[in-house]
Amino acid sequence: MALRTIDSLGDLRGRRVIVRCDLNVPLKGGVIGDDGRIRASLGTLTGLREAGARVIVISHLGRPDGTPDEKYSLRPVAARLGELLRADVAFADDTVGDSARAAVEALGDGDVVVLENLRFHAEETSKDETVRRGFAESIAELGDAFVSDGFGVVHRKQASVFELAQALPSAAGSLIASELEVLDRLTENPERPYTVVLGGSKVSDKLGVIGHLLPRVDSLLIGGGMLFTFLKAQGHEVGASLLEEDQVETVKGYLAEAEERGVKIVLPTDVVVADGFSADAAHEVTRADAIEGTPAGAKGLGLDIGPETADAFATIIRGSTTVFWNGPMGVFELEPFAAGTKTVADALTRVEGLSVVGGGDSAAAVRALGFDDDRFGHISTGGGASLEFLEGKRLPGLEVLGWQ
(Lines of atoms letter the chains of each structure in order from A; the text may use other names.)
(Lines give C-alpha, C1' and ligand atoms only; values in the text may rest on other atoms or scores of the structure.)
Protein backbone atom coordinates (compact mmCIF):
# COMPACT_ATOMS: atom_id res chain seq x y z
CA MET A 1 0.00 0.00 0.00
CA ALA A 2 1.29 3.47 -0.90
CA LEU A 3 1.88 6.32 1.49
CA ARG A 4 -1.31 8.30 2.09
CA THR A 5 -0.87 11.95 1.10
CA ILE A 6 -2.80 15.08 2.04
CA ASP A 7 -4.91 14.82 -1.12
CA SER A 8 -6.54 11.72 0.39
CA LEU A 9 -8.06 13.87 3.15
CA GLY A 10 -10.35 15.71 0.73
CA ASP A 11 -11.51 19.30 1.08
CA LEU A 12 -9.85 20.79 4.15
CA ARG A 13 -11.47 24.23 4.18
CA GLY A 14 -12.70 25.00 7.66
CA ARG A 15 -11.43 21.68 9.04
CA ARG A 16 -9.10 21.47 12.02
CA VAL A 17 -5.90 19.74 10.89
CA ILE A 18 -3.37 18.62 13.50
CA VAL A 19 0.16 18.60 12.04
CA ARG A 20 2.92 16.67 13.80
CA CYS A 21 6.09 18.54 12.90
CA ASP A 22 9.62 17.99 14.17
CA LEU A 23 10.51 21.42 15.55
CA ASN A 24 13.17 20.08 17.90
CA VAL A 25 15.62 22.91 17.28
CA PRO A 26 18.66 23.87 19.37
CA LEU A 27 17.47 26.42 21.91
CA LYS A 28 19.56 28.28 24.46
CA GLY A 29 18.18 31.04 26.63
CA GLY A 30 15.15 31.30 24.38
CA VAL A 31 17.33 31.84 21.29
CA ILE A 32 17.08 29.39 18.39
CA GLY A 33 20.50 28.28 17.17
CA ASP A 34 19.42 26.66 13.88
CA ASP A 35 15.93 27.08 12.44
CA GLY A 36 16.41 24.50 9.67
CA ARG A 37 13.69 22.18 10.97
CA ILE A 38 11.22 25.04 11.25
CA ARG A 39 11.95 26.04 7.65
CA ALA A 40 11.52 22.43 6.55
CA SER A 41 7.94 22.47 7.86
CA LEU A 42 6.89 25.52 5.83
CA GLY A 43 5.87 23.68 2.66
CA THR A 44 3.23 21.55 4.33
CA LEU A 45 1.98 24.32 6.62
CA THR A 46 1.70 26.82 3.77
CA GLY A 47 -0.19 24.32 1.62
CA LEU A 48 -2.67 23.63 4.40
CA ARG A 49 -3.20 27.34 5.04
CA GLU A 50 -3.84 27.95 1.36
CA ALA A 51 -6.36 25.10 1.41
CA GLY A 52 -8.26 26.92 4.15
CA ALA A 53 -7.45 24.46 6.93
CA ARG A 54 -7.31 25.51 10.56
CA VAL A 55 -3.78 24.39 11.38
CA ILE A 56 -2.81 22.99 14.79
CA VAL A 57 0.95 22.39 15.05
CA ILE A 58 2.30 19.90 17.59
CA SER A 59 5.93 18.97 18.27
CA HIS A 60 8.40 18.02 20.96
CA LEU A 61 11.52 19.94 21.93
CA GLY A 62 14.35 18.46 23.95
CA ARG A 63 13.88 15.93 26.73
CA PRO A 64 11.91 17.54 29.57
CA ASP A 65 11.20 14.17 31.24
CA GLY A 66 7.43 14.36 31.05
CA THR A 67 6.98 17.52 33.09
CA PRO A 68 6.67 21.21 32.09
CA ASP A 69 10.01 23.02 31.94
CA GLU A 70 10.13 26.59 30.63
CA LYS A 71 13.53 26.13 28.97
CA TYR A 72 11.92 23.56 26.65
CA SER A 73 8.87 25.66 25.79
CA LEU A 74 7.89 25.91 22.13
CA ARG A 75 6.97 29.60 22.54
CA PRO A 76 10.16 30.87 20.78
CA VAL A 77 9.56 28.32 18.02
CA ALA A 78 6.01 29.60 17.49
CA ALA A 79 7.35 33.15 17.24
CA ARG A 80 9.95 32.14 14.65
CA LEU A 81 7.37 30.15 12.69
CA GLY A 82 5.21 33.26 12.51
CA GLU A 83 8.14 35.26 11.13
CA LEU A 84 8.85 32.64 8.46
CA LEU A 85 5.18 32.28 7.48
CA ARG A 86 4.76 36.07 7.62
CA ALA A 87 1.58 35.48 9.54
CA ASP A 88 0.27 35.65 13.08
CA VAL A 89 0.84 32.31 14.80
CA ALA A 90 -0.97 31.74 18.07
CA PHE A 91 0.58 29.80 20.95
CA ALA A 92 -1.19 27.66 23.54
CA ASP A 93 0.36 27.26 26.99
CA ASP A 94 -0.59 23.59 27.14
CA THR A 95 -1.10 20.65 24.80
CA VAL A 96 -4.52 19.25 25.66
CA GLY A 97 -5.79 21.63 28.35
CA ASP A 98 -7.96 24.75 28.50
CA SER A 99 -5.43 26.96 26.69
CA ALA A 100 -5.17 24.52 23.77
CA ARG A 101 -8.94 24.15 23.48
CA ALA A 102 -9.50 27.91 23.56
CA ALA A 103 -6.76 28.57 20.99
CA VAL A 104 -8.16 25.97 18.61
CA GLU A 105 -11.70 27.32 19.07
CA ALA A 106 -10.46 30.78 18.07
CA LEU A 107 -8.89 29.63 14.79
CA GLY A 108 -10.26 30.87 11.49
CA ASP A 109 -9.65 29.34 8.07
CA GLY A 110 -5.92 29.50 7.25
CA ASP A 111 -4.93 30.33 10.83
CA VAL A 112 -2.15 28.55 12.74
CA VAL A 113 -1.64 27.71 16.40
CA VAL A 114 1.33 25.95 18.01
CA LEU A 115 0.52 23.85 21.08
CA GLU A 116 3.00 23.47 23.95
CA ASN A 117 5.69 20.76 24.00
CA LEU A 118 4.28 17.24 23.68
CA ARG A 119 6.96 15.87 25.98
CA PHE A 120 5.66 17.91 28.90
CA HIS A 121 3.38 14.85 29.11
CA ALA A 122 5.05 11.55 30.06
CA GLU A 123 2.29 9.74 28.16
CA GLU A 124 3.80 10.88 24.83
CA THR A 125 6.81 8.58 25.17
CA SER A 126 5.31 5.92 27.47
CA LYS A 127 6.20 2.29 26.80
CA ASP A 128 2.59 1.41 27.61
CA GLU A 129 0.52 1.40 24.42
CA THR A 130 -2.72 1.98 26.36
CA VAL A 131 -1.29 5.08 28.01
CA ARG A 132 -0.04 6.43 24.68
CA ARG A 133 -3.41 5.77 23.04
CA GLY A 134 -5.24 7.67 25.76
CA PHE A 135 -3.00 10.71 25.25
CA ALA A 136 -3.38 10.48 21.46
CA GLU A 137 -7.16 10.43 21.81
CA SER A 138 -7.02 13.56 23.96
CA ILE A 139 -5.06 15.33 21.23
CA ALA A 140 -7.39 13.97 18.54
CA GLU A 141 -10.37 15.68 20.20
CA LEU A 142 -8.88 18.99 19.03
CA GLY A 143 -8.88 18.09 15.34
CA ASP A 144 -10.73 16.64 12.37
CA ALA A 145 -7.71 15.22 10.52
CA PHE A 146 -4.04 14.48 11.16
CA VAL A 147 -0.98 15.17 9.01
CA SER A 148 2.32 13.57 10.01
CA ASP A 149 5.26 15.64 8.79
CA GLY A 150 7.95 15.13 11.43
CA PHE A 151 10.32 12.86 9.55
CA GLY A 152 12.83 13.01 12.39
CA VAL A 153 10.46 11.02 14.64
CA VAL A 154 8.89 8.45 12.27
CA HIS A 155 11.15 5.73 13.68
CA ARG A 156 9.62 6.18 17.14
CA LYS A 157 6.41 4.56 18.37
CA GLN A 158 5.14 7.57 20.29
CA ALA A 159 1.61 8.84 20.88
CA SER A 160 1.76 11.78 18.47
CA VAL A 161 3.50 9.73 15.78
CA PHE A 162 1.81 6.32 15.89
CA GLU A 163 -1.42 6.26 17.91
CA LEU A 164 -2.63 9.71 16.79
CA ALA A 165 -2.41 8.60 13.16
CA GLN A 166 -4.90 5.85 14.03
CA ALA A 167 -7.27 8.13 15.94
CA LEU A 168 -8.04 10.48 13.02
CA PRO A 169 -8.11 10.40 9.20
CA SER A 170 -4.38 10.68 8.56
CA ALA A 171 -1.84 11.38 5.84
CA ALA A 172 1.82 12.24 5.33
CA GLY A 173 2.91 15.81 4.68
CA SER A 174 5.09 16.98 1.82
CA LEU A 175 8.28 16.92 3.92
CA ILE A 176 7.96 13.21 4.67
CA ALA A 177 7.11 12.51 1.02
CA SER A 178 10.21 14.36 -0.20
CA GLU A 179 12.46 12.67 2.38
CA LEU A 180 11.28 9.24 1.24
CA GLU A 181 11.77 10.12 -2.42
CA VAL A 182 15.41 11.03 -1.77
CA LEU A 183 16.15 8.06 0.50
CA ASP A 184 14.63 5.71 -2.06
CA ARG A 185 17.20 6.98 -4.56
CA LEU A 186 19.94 5.93 -2.13
CA THR A 187 18.67 2.36 -1.80
CA GLU A 188 16.88 1.50 -5.05
CA ASN A 189 19.20 1.50 -8.07
CA PRO A 190 21.34 4.51 -7.07
CA GLU A 191 23.28 6.21 -9.85
CA ARG A 192 26.95 5.27 -9.78
CA PRO A 193 29.60 5.82 -8.65
CA TYR A 194 27.88 5.72 -5.24
CA THR A 195 29.84 6.87 -2.18
CA VAL A 196 28.76 6.82 1.47
CA VAL A 197 30.66 8.96 3.98
CA LEU A 198 30.24 8.00 7.63
CA GLY A 199 31.54 9.83 10.68
CA GLY A 200 30.34 10.73 14.13
CA SER A 201 31.48 9.37 17.43
CA LYS A 202 30.29 5.76 17.66
CA VAL A 203 30.72 2.98 15.14
CA SER A 204 27.97 1.05 16.95
CA ASP A 205 25.46 3.68 15.76
CA LYS A 206 26.39 3.00 12.14
CA LEU A 207 26.86 -0.79 12.02
CA GLY A 208 23.37 -1.43 10.68
CA VAL A 209 23.85 1.10 7.90
CA ILE A 210 27.23 -0.32 6.96
CA GLY A 211 25.83 -3.84 6.78
CA HIS A 212 22.81 -2.83 4.72
CA LEU A 213 24.67 -0.56 2.29
CA LEU A 214 27.80 -2.65 1.65
CA PRO A 215 26.08 -4.58 -1.16
CA ARG A 216 24.93 -1.30 -2.73
CA VAL A 217 27.84 1.16 -2.60
CA ASP A 218 31.10 1.57 -4.48
CA SER A 219 33.06 3.40 -1.78
CA LEU A 220 32.67 3.82 1.97
CA LEU A 221 34.69 6.62 3.57
CA ILE A 222 35.19 6.45 7.34
CA GLY A 223 35.95 9.46 9.55
CA GLY A 224 34.94 10.86 12.92
CA GLY A 225 35.44 9.07 16.23
CA MET A 226 34.33 5.79 14.68
CA LEU A 227 37.48 5.65 12.53
CA PHE A 228 39.57 4.58 15.52
CA THR A 229 37.67 1.34 15.94
CA PHE A 230 38.45 0.63 12.28
CA LEU A 231 42.13 1.44 12.83
CA LYS A 232 42.18 -0.87 15.86
CA ALA A 233 40.62 -3.61 13.72
CA GLN A 234 43.60 -3.22 11.40
CA GLY A 235 45.98 -3.68 14.31
CA HIS A 236 46.93 -0.06 14.98
CA GLU A 237 47.15 1.60 18.40
CA VAL A 238 44.91 4.64 18.81
CA GLY A 239 46.08 6.27 22.04
CA ALA A 240 43.24 7.70 24.12
CA SER A 241 41.03 8.23 21.06
CA LEU A 242 37.44 7.08 21.16
CA LEU A 243 37.39 3.30 20.80
CA GLU A 244 34.62 0.72 21.00
CA GLU A 245 36.65 -2.36 21.83
CA ASP A 246 33.57 -4.59 21.75
CA GLN A 247 32.95 -3.71 18.09
CA VAL A 248 36.44 -4.49 16.76
CA GLU A 249 35.59 -8.03 15.65
CA THR A 250 32.42 -6.84 13.91
CA VAL A 251 34.41 -4.20 12.06
CA LYS A 252 36.95 -6.83 11.00
CA GLY A 253 34.05 -8.76 9.50
CA TYR A 254 32.89 -5.74 7.50
CA LEU A 255 36.41 -5.08 6.24
CA ALA A 256 36.60 -8.67 4.99
CA GLU A 257 33.14 -8.49 3.42
CA ALA A 258 33.99 -5.25 1.64
CA GLU A 259 37.10 -6.84 0.15
CA GLU A 260 35.05 -9.81 -1.07
CA ARG A 261 32.47 -7.51 -2.67
CA GLY A 262 35.01 -5.20 -4.26
CA VAL A 263 33.81 -2.25 -2.19
CA LYS A 264 36.46 0.29 -1.21
CA ILE A 265 36.45 1.08 2.50
CA VAL A 266 38.70 4.13 2.65
CA LEU A 267 40.25 4.90 6.04
CA PRO A 268 42.26 7.98 7.02
CA THR A 269 45.98 8.00 6.33
CA ASP A 270 46.54 10.93 8.68
CA VAL A 271 44.73 12.37 11.70
CA VAL A 272 44.90 15.44 13.91
CA VAL A 273 45.98 14.38 17.40
CA ALA A 274 45.66 16.61 20.47
CA ASP A 275 46.82 16.32 24.07
CA GLY A 276 43.40 17.36 25.38
CA PHE A 277 39.78 17.95 24.43
CA SER A 278 39.74 21.73 24.02
CA ALA A 279 40.23 24.35 21.33
CA ASP A 280 43.56 25.46 22.81
CA ALA A 281 44.99 21.94 23.24
CA ALA A 282 48.37 21.32 21.63
CA HIS A 283 47.82 19.32 18.44
CA GLU A 284 49.59 18.05 15.36
CA VAL A 285 48.96 16.04 12.22
CA THR A 286 50.36 12.52 12.29
CA ARG A 287 50.07 9.30 10.33
CA ALA A 288 46.99 7.31 11.28
CA ASP A 289 49.17 4.32 12.16
CA ALA A 290 51.47 6.35 14.42
CA ILE A 291 49.13 8.10 16.85
CA GLU A 292 51.06 7.00 19.91
CA GLY A 293 54.26 8.34 18.37
CA THR A 294 53.17 11.93 18.99
CA PRO A 295 54.32 13.92 22.05
CA ALA A 296 50.98 13.10 23.70
CA GLY A 297 51.84 9.41 23.38
CA ALA A 298 49.22 6.99 24.65
CA LYS A 299 47.19 9.96 25.92
CA GLY A 300 46.83 11.42 22.42
CA LEU A 301 43.28 12.11 21.25
CA GLY A 302 42.43 11.89 17.56
CA LEU A 303 40.00 14.77 17.00
CA ASP A 304 39.86 15.18 13.21
CA ILE A 305 40.92 13.57 9.98
CA GLY A 306 44.14 15.03 8.59
CA PRO A 307 44.50 17.25 5.49
CA GLU A 308 45.84 14.43 3.29
CA THR A 309 42.81 12.30 4.16
CA ALA A 310 40.39 15.21 3.71
CA ASP A 311 41.74 15.88 0.22
CA ALA A 312 41.56 12.18 -0.68
CA PHE A 313 37.96 11.97 0.55
CA ALA A 314 37.08 15.14 -1.39
CA THR A 315 38.48 13.69 -4.62
CA ILE A 316 36.38 10.53 -4.27
CA ILE A 317 33.26 12.53 -3.38
CA ARG A 318 33.61 14.93 -6.31
CA GLY A 319 34.02 11.96 -8.65
CA SER A 320 30.79 10.34 -7.45
CA THR A 321 27.27 10.69 -8.87
CA THR A 322 25.46 9.75 -5.65
CA VAL A 323 26.79 10.66 -2.19
CA PHE A 324 25.26 10.15 1.26
CA TRP A 325 27.02 11.67 4.26
CA ASN A 326 26.17 11.11 7.91
CA GLY A 327 28.39 12.19 10.78
CA PRO A 328 31.11 14.86 11.15
CA MET A 329 34.73 14.02 10.38
CA GLY A 330 35.96 15.54 13.62
CA VAL A 331 35.03 17.75 16.55
CA PHE A 332 33.81 20.53 14.26
CA GLU A 333 32.56 22.60 17.22
CA LEU A 334 36.21 23.31 18.08
CA GLU A 335 37.81 25.39 15.30
CA PRO A 336 41.19 23.57 15.17
CA PHE A 337 39.37 20.29 14.48
CA ALA A 338 36.76 21.48 11.96
CA ALA A 339 38.84 21.38 8.76
CA GLY A 340 38.06 17.78 7.82
CA THR A 341 34.31 18.27 8.12
CA LYS A 342 34.50 21.53 6.17
CA THR A 343 36.48 19.93 3.33
CA VAL A 344 34.01 17.05 3.04
CA ALA A 345 31.04 19.45 3.11
CA ASP A 346 32.59 21.58 0.39
CA ALA A 347 33.18 18.49 -1.76
CA LEU A 348 29.50 17.53 -1.47
CA THR A 349 28.50 20.94 -2.84
CA ARG A 350 30.50 20.11 -5.99
CA VAL A 351 28.87 16.74 -6.72
CA GLU A 352 27.27 16.68 -10.18
CA GLY A 353 24.49 14.38 -9.10
CA LEU A 354 22.68 13.68 -5.83
CA SER A 355 24.35 14.82 -2.59
CA VAL A 356 22.52 14.04 0.64
CA VAL A 357 23.46 15.30 4.11
CA GLY A 358 21.97 12.82 6.56
CA GLY A 359 20.53 15.09 9.21
CA GLY A 360 21.46 15.31 12.88
CA ASP A 361 25.02 16.44 13.60
CA SER A 362 25.89 16.57 9.89
CA ALA A 363 23.15 19.11 9.18
CA ALA A 364 24.20 21.12 12.23
CA ALA A 365 27.82 21.01 11.07
CA VAL A 366 27.27 22.32 7.55
CA ARG A 367 25.17 25.21 8.85
CA ALA A 368 27.61 26.01 11.66
CA LEU A 369 30.44 26.06 9.12
CA GLY A 370 28.64 28.58 6.94
CA PHE A 371 27.20 26.46 4.13
CA ASP A 372 23.77 27.39 2.77
CA ASP A 373 21.25 24.55 2.54
CA ASP A 374 20.68 25.05 -1.18
CA ARG A 375 24.29 24.13 -1.97
CA PHE A 376 23.43 20.49 -1.27
CA GLY A 377 21.03 18.23 -3.12
CA HIS A 378 19.17 17.46 0.09
CA ILE A 379 19.65 17.97 3.82
CA SER A 380 17.60 15.41 5.70
CA THR A 381 15.65 16.44 8.79
CA GLY A 382 15.95 12.95 10.24
CA GLY A 383 19.25 11.79 11.71
CA GLY A 384 18.16 8.57 13.41
CA ALA A 385 15.18 8.12 11.09
CA SER A 386 17.38 8.38 7.99
CA LEU A 387 19.83 5.84 9.37
CA GLU A 388 17.11 3.37 10.32
CA PHE A 389 15.54 3.72 6.87
CA LEU A 390 18.92 2.99 5.27
CA GLU A 391 19.32 0.00 7.60
CA GLY A 392 16.14 -1.42 6.11
CA LYS A 393 14.29 -1.22 9.42
CA ARG A 394 10.52 -0.90 9.73
CA LEU A 395 9.51 2.61 10.75
CA PRO A 396 6.22 2.63 12.70
CA GLY A 397 5.44 6.26 11.93
CA LEU A 398 5.49 5.46 8.21
CA GLU A 399 3.76 2.09 8.33
CA VAL A 400 0.77 3.64 10.09
CA LEU A 401 0.46 5.97 7.07
CA GLY A 402 0.37 3.09 4.61
CA TRP A 403 4.08 2.95 3.73
CA GLN A 404 5.50 -0.49 2.98
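Quick reminder: no glycine exception, Cβ is built from N, Cα and C everywhere.
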Which residue of Arg37, Arg39, Arg80, Arg133 does Swiss-Prot report at the same substrate site as Asp22, Leu23, Asn24, His60, Leu61, Gly62, Arg63, Arg119, Arg156?
Arg37
Which residues, same chain and not among Asp22, Leu23, Asn24, Arg37, His60, Leu61, Gly62, Arg63, Arg119, Arg156, have a CB within 8 angstroms of the centroid of the CB atoms at the recorded substrate site?
Ser59, Asn117, Leu118, Gly152, Val153
Binding-site residues listed as Gly62, Gly302, Gly360, least Cβ neighbours within 10 Å:
Gly62
What binding-site residues in the list Lys206, Gly302, Glu333, Gly360, Ser362 lie within 10 angstroms of His60 (substrate binding site), counting C-alpha atoms?
none
For the substrate binding residues given in the record (Asp22, Leu23, Asn24, Arg37, His60, Leu61, Gly62, Arg63, Arg119, Arg156), what is the largest pairwise C-alpha separation in angstrom?
18
My understanding is the cutoff is Cβ-Cβ under 8 Å with a sequence separation of 6 or more in the same chain; which residues meet that for Asp22 (substrate binding site)?
Arg37, Ser41, Ser59, His60, Asp149, Gly150, Phe151, Gly152, Val153, Thr381, Gly382
Are there residues of the same chain, six or more positions away from Arg119 (substrate binding site), whose CB falls under 8 angstroms from its CB, and which are they?
His60, Leu61, Gly62, Arg63, Pro64, Asp65, Gly66, Tyr72, Thr125
